Amino acid sequence: MKSKKGLTLTITLGTLALFLSGCVQTTKAGKPYGFVYEYLAKPGQNVMEWLSQLFGNNYGWAIIGLTVIVRLVLLPMMINQQRKSTYQQEKMSAVRPQMEKIQARQKAATTQEEKAAISNELMQLYRDNGISMTGGIGCLPLLIQLPIFSALYYAIRYSPELSKATFMGISLGKSSLILAILAFLSYLAQGYLSMIGLPEEQKKTMRLMLIMSPVMILFVSMSAPAGLGLYFFVGGLFACLQTLIINFFRPRIRREVEAELKKHPIKTPTPTQPKPINATESKPSHPRPQNNAGRGRNAGKQQRHHK
């Protein structure tokens, strides 16, 4: 289930990279214009200028403040989704023995009809036991942040004050390898924390996606202004906090799943046998009636001919 979350994050970051590649148009003189600039970049500049005044005209702390505000607003929603995902993980662990038996039969199947029937049986196992294929993961929090990413990116790019600002010696208007690596490490740590307490088999399936997401963040941060890398870094720290909260509640979630399974034991679907391919092409049980009348007429003609 966590791998689906990693895939969702990877797709969103890929969409972000495409979205940031060239949405704001500029005149020959280099002046920006267009829908994205008017409704995202300019409001983003105003928000950043207001926040910087609260932090003593420090745009770095303004970006951190913006990240904290956004993450605090999204925190209940993201914790709720992560809790649902953890609940689905525990239910998936409970049905794993039945699931592995079905998958073993699917590997041993020799025809497409057998494989399709066993695949339907696996889907029936999920439906009967209330297991969601999406794992309770939604992309709404990431989609909400997409306009914020864009606003921050273009605000830094087209605002003279923001593009020339520095934070701890790092220019916020230029890409920073240090902040890109810090963002990468923060999300890598979040992925490691999310695997604590999971079965070893489940960890193996999660590792690839949990590495892909930080790598995507690394590449986006390296190609974007350092201000966006700072946003990702602080966001990764909040993601670690979310995961620690979920890990704290994991034993309680596991007890909830165990209590539910006591009331509603795991339902195992009846194995279905595929229909043979030639079932509809079998020969009829009764022989086809022969045309005796025609045979009699032919016999009479033959007798007259011999006479």
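Including glycine, each Cβ sits where the backbone N, Cα and C put it.
Feature list (source: Swiss-Prot):
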- C23: N-palmitoyl cysteine (LIPID)
- C23: S-diacylglycerol cysteine (LIPID)
- 260-307: region 'Disordered' (REGION)
- 1-22: signal peptide (SIGNAL)
- 59-79: transmembrane segment (TRANSMEM)
- 136-156: transmembrane segment (TRANSMEM)
- 177-197: transmembrane segment (TRANSMEM)
- 205-225: transmembrane segment (TRANSMEM)
- 226-246: transmembrane segment (TRANSMEM)
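The stretches the transmembrane segment (59-79) and the transmembrane segment (226-246) meet in space: the count of Cβ pairs below 8 angstroms, excluding pairs fewer than 6 apart in sequence, reaches at least three. Counting only same-chain residues 6+ beyond the ends of the transmembrane segment (177-197), those with a CB under 8 A from a CB of the stretch are 2, 6, 170, 203, 206-207, 210-211, 213-215, 217-218, 221-222, 226, 229-230, 232-233, 235-237, 239-240, 242-244, 246-247, 250.
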